[in-house]
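These notes are about the structure you will find just below.
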Amino acid sequence: MKENEKVIMEKGIHTDFKENMTYGEYLQLDSLLSSQKRLSDHHDEMLFIVIHQASELWMKLILHELNAAIESIKQDKLQPAFKMLARVSKIQSQIIQSWDILATLTPSEYIEFRDSLGQASGFQSYQYRMIEYALGYKTPHALKIYEKDQELHARLHTALHAPSLYDVAIQALVKEGFSIHKDVLNRDITQPYEEDATVEAAWLEVYADVKKYWNLYQLAEKLIDIEDWLQQWRFRHMKTVERIIGHKMGTGGSSGVSYLKRVLDQRFFPELWNVRTKL
């Protein structure tokens with residue numbers, strides 16, 4: 001072997017791990033990398049599994065950041081929350097790119113293993129449901145999907161009854177002296193949020209005097225970023241599904257593309273979009 005072809009090993013690099021934790025042990029890679037179990041013999045099922053598992057890992061981090069941001073805003077610590085919410089947006093942009101990879105799966109390939117999924121569907125993703133709850137889109141009827149696992153059902157029940165990111169953002173408006181209608185402040189937070197004129201008026205004032213309400217303005221823009229990315233994710237989801245299965249019914253029983261098109265119209269922070277027209 002020529003001198004320049006030899007493997008270079010720096011003297012300080014650790015090679016003896018008999019009594020020390022390794023990279024693989026820290027990340028529990030044996031468990032993580034043994035979780036991709038195909039139910040068919042089709043080569044492309046591995047792609048399908050990995051894409052969805054990777055997305056679930058990213059969603060775990062999104063929930064970690066969203067929940068921390070909600071607690072931070074509750075405690076009037078908006079600056080730390082901005083960093084967490086900005087990170088959520090970056091994660092969302094990463095997840096969106098995964099649709100490009102899944103789109104390499106053709107209809108002919110997917111149909112070879114689709115029956116192996118049974119009634120399993122991304123619609124049942126409990127982490128995605130918890131993200132929706134954290135953002136304020138509450139759907140109590142969806143809890144029935146998770147009754148098979150009582151511990152999981154209890155976690156979702158707790159998430160349903162917890163204040164959302166928008167709930168604490170509205171409370172931040174109140175703390176700044178804005179007058180918000182009592183029906184908003186005393187509403188049933190287990191139900192989807194409905195837009196309100198007093199909330200819109202408050203945000204309009206924030207946007208009209210950015211210097212005075214800089215922190216609230218920054219918070220509002222972070223929320224818009226998150227909803228914008230989420231809508232882009234939904235659109236890419238819808239188009240990828242249409243590309244692979246057309247207008248067939250989803251494995252979970254939904255109408256598939258038709259359902260995904262309808263959810264594109266769901267808004268999390270309606271007043272923040274409305275003020276853009278009224279400024």
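Keep in mind that glycine also has a Cβ here, set from the backbone N, Cα and C atoms.
Neighbour density for ILE49 (substrate binding site): within 10 A of its CB lie 16 other CB atoms from the protein chains shown. The substrate binding site annotation in Swiss-Prot covers PHE48, ILE49, VAL50, ILE51, HIS52, TYR110, ARG114, THR251.
Annotation comment: Swiss-Prot describes HIS237 as heme binding site, evidence class sequence analysis. For HIS237 (heme binding site), the Cβ neighbour count at a 10 Å cut-off comes to 19, with all displayed protein chains included.
Here the candidates are the binding-site residues ILE49, VAL50, HIS52, THR251, and by Cα distance the one nearest HIS237 (heme binding site) turns out to be HIS52. Listed in sequence order, the residues of the same chain lying 6 or more apart from THR251 (substrate binding site) and placing their CB within less than 8 Å of its CB are ARG114, LEU117, GLY118, GLN119, ALA120, SER121. Neighbour counts of Cβ atoms within 10 Å were compared for the binding-site residues PHE48, TYR110, and the top value is held by PHE48.
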